[in-house]
Amino acid sequence: MGAIWAARDFCLFLLLLNSRQSAALPEIRADPCSEGSDGCHIDAICQTTQGSYKCTCKAGFKGDGKHCEDIDECDLEYNGGCVHECNNIPGNYRCTCYDGFNLAHDGHNCLDVDECRFNNGGCQHTCVNTMGSYECRCKEGFFLSDNQHTCIHRSVEGLNCMNKEHGCAHICKETPKGGVACECRPGFELARNQRGCILTCNHGNGGCQHTCEDTENGPICRCHVRYSLQPDKRSCVERDEATIESADHNATSFTEVDKRVKRRLLMETCAVNNGECDCTCKDTSTGVRCSCPVGFTLQPDGKTCKDIDECELHNGGCEHFCRNTIGSFECNCRKGFKLLTDERSCQDIDECFFERTCDHTCVNSPGGFQCLCIKGFTMYGLAHCGDINECSVNNGGCEQGCENTMGGFECFCHPGYKLHWNKKDCIEAEGFPPAKPPSKPTLNCSKQAGGDRCFLTCQSQVHISSGTEDSYTVTCGMPLPCLADAQKNNSGLHCLGPETTSVPRIKTTATFKSGTAKCNLKRSQEKLKESLNSAHSDSRFLFTENVQFSYVSLRCTSSGQRTRSRHGRKAGEEDGSSITAEFELDVNLEEVTESCDLNCVRRRSEKRLRKTIRTLRKSINREQFHFHFAGSDYELAKSLGKPAELPGHCVAGQVLVGRKCVSCSVGTYFDGDQGRCVLCPAGTYQDEEAQMSCEVCPGPEGREVSKVVGARNLSECGGQCSPGQYSHDGFPPCLPCPLGAYQPEVGRTTCFSCGGNLVSKRSGAVTFQECETKVQCSPGHYYNTSTHRCIRCPTGTYQGEFGQNYCVSCPGNTTTDFDGSTNIMQCKNRHCGGELGDFTGFIESPNYPGNYPANVECTWTINPPPKRRILIVVPEIFLPIEDECGDYLVMRKSSLPNSVTTYETCQTYERPIAFTSRSKRLWVQFRSNEGNSGKGFQVPYVTYDEDYQELIEDIVRDGRLYASENHQEILKDKKLMMALFDVLAHPQNFFNYTAQESREMFPKSFIRFLRSKVLRFLRP
């Protein structure tokens, strides 16, 4: 049986073998194509054949399949069909167009871009589109400035560059002898008459759509062979096949024509109408093969090419926005982000990197930022912080007197009264035992290691406030305020006035330089406390100074922040820090004798204080000054040359969270021993951030301590009379405020009267708004309890609520344009103008980025060092045009109206523009009227070596600098502009940036643009 089955299987095998020949071959022989063992070139296709394989070069390559090489389509006849530039790539090619043109849908022709359609081409007045470019023109009475975009008022006096009749076609320059000299924009040549400008092929392709050729009489335009020149002698249109054949007839022999005709009759060929291919046609053994350039795809008909919309698939790889273009695409980013070098990814712009963004604290967020002010200050002008005048709001809540201080306020009492624990009410001074005075700040100095070493020790009433990253203020003790009617003596050291207590006090201020050290309030790594204790016990360490102050304030500011002004930095300024110290010293009455009265003792004290300051100055210069408080020792400044801080070290009052230093929040303090933020223990509170200790909750003796942990203010201490209540000591039992009175705060001993015999709506009223006034006052007004009328808030104040009896004073040194203001944003800083820095700086409208004030006049001057020129970038400017140029900005050589003007405008201009000054120095003026207001401007400038003048002007006058949205964002990016200006002002600083940093700063298109300019400038 087995033999029968074996014979049957053998027969079946023979039948299959005969019917399919080598069907069983794959089981015996391997397929070289699938296994990759063939000898085909990497750019060839392997095809399995009967018993073998075949190699065929891929489309776009030529050869026998074993060896393939790229076909350079751009080397073929007619530039690969591209009318401008043909770029060969492996297996294909891409057509590109000159600046000012876009690729047509056929992927080969180039069409003019109408630059005037986008933002009026950046022209201030009129934009006129031309083939391959555009030009700006001005209205009657104006002429075009050197930057070729803005317009300047025409002068009628004499033949100078301010008069349109100067005869220069483009740019007019005044000569040292008082004459004029003409220059031309890039891409033009000065005519023989030294006035006119002749267009060349380097500007907008000479106005030609296809090919441009320079001649003595100007450019001559020609068209690609498939196109014919139009009557305007500039544009080209595609001509039909008969015309092309006629043009080629003279160059072709009759024999070749005969061969071509025979071939057309036999089969389709690329010689006839390009094989009906939209783009590239190739003759093959099976007929024509059509192909398309990169960015296009061949349609099912095998002939037509269609633009690929790269944005449809995965958003083109763009992180934010993708914009399809003919044959390509472009990525853009949302506002607040910038395009990275890969031209796909977007990175958040850290606005907080720019130190001028916020006055105090800047918090960056994706796509934006937020400005914050420290306690006692409030925001105005969107980014600025001004001191709050708490006394303007209900007298600061003080029962008797109120005095505003920088960052706070203080209540004071009339003679015979003393301040209550709530620091608001006044109680009779008689019958109360004197409170134990807090320990005073003490300064000890000693001679150690051949120099002075000083320690300032504070045991209580310590307060820390941070400004910018490299600045802070530390206060210790209680200051004695000078009231409005107080006066200073001739020395300026003593505060005289009705508030003077029985103990006179000396006040003085001194500024110390700390070399190259930067402000850096961090815990010292040395055992200073042990050193200080040993100094007390060791006779070798004698204190040269041992002074007890009543109050000390130390403000450390790192230079390079805002040490000179908000506008610029002068030459010769070095990095480092300065410490501004305020000292208050009580005169020791025990030193008064018959031979030395109080004045004599005061003079002695002042002399000793001056000696102490000299010793302290030496200590700070040697970086041997330390501050002891909250159980730890701190250095006020740290030299840049010292070893870097250990990882995880933050400034005082801050703790490391992740990789960022964060201030201890209200209700907590920084424990130096534990190295972390700790909740305020029961019976204490802390209403400020970044503090080293907590304040004791007030309360009568014998009362149980509050059990609240982490109290954030006095009211959270608990156990006090609530708002609308009062008692003799501010603690229960409490009574409600009677009718006709109100109380908005906790722990008070009295209530405020409504005034004017007004009655409140209920007992226990909390605000004045519960008083029954005769009229309801709207915002911008306050209720006068004497006349029972609503009065407009005077200039310099505002009121945003209904029914109030006061107006709030504007913060800091701001004021309002008019009376009746309703919002703090109507408070504006009017300060502006001045002499600007030698190298870099800013011209900034007052109150920027808030709206500028009305009826303001600002004047700046930029006077560069010898052999330096001025470059200015206007990122954007916002001036309302509704009031017929009532607000304007002008830059010219001097204050004379007919002096050489570089720039002037009176309207909003959101597209950036860069230009060089037409004069060696600049006089800048901004004026506003009482009409509409706007955001204004913040204009950076840099002075550079005049040897680079030709290069800088070539860059800023080239329209490609502004053509791309990404390029425009670069000119608005303050961090990038600071880097560019830094290198322009000081070329040696280029080496401060690593190659990686330089590459990551700008997109490739911008780098290519700058590289082409620099190479042209350096080319011999």
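Cβ coordinates come from backbone N, Cα and C, glycine included.
Among the candidates Cys333, Cys346, Cys362, the disulfide partner that TrEMBL records for Cys352 is Cys362. Counting residues per DSSP class in helix, strand and coil order gives 7 helix, 16 strand, 18 coil for the domain 'EGF-like' (307-347). The local packing around Cys352 (disulfide bond), expressed as other Cβ atoms within 10 Å of its Cβ over all shown chains, amounts to 18.
The list of residues near the domain 'EGF-like' (307-347) in space but at least 6 beyond its ends in sequence, with Cβ under 8 angstroms from a Cβ of it, reads 94-95, 102-105, 107, 293-297, 366-368, 965-966, 969-970, 973, 976, 999-1000, 1002-1005, 1007. Outside the domain 'EGF-like' (29-69) by six or more residues, the chain places 22, 90-92, 282, 289, 291 with a CB less than 8 A from a CB of the stretch. Residues 98-102, 154, 164, 170-171, 185, 203-209, 234-235, 901-905, 907, 909-911, 913-916, 918, 956-957, 959, 962-963 of the same chain sit 6 or more residues outside the domain 'EGF-like' (112-148) yet have a Cβ under 8 Å from a Cβ within it.
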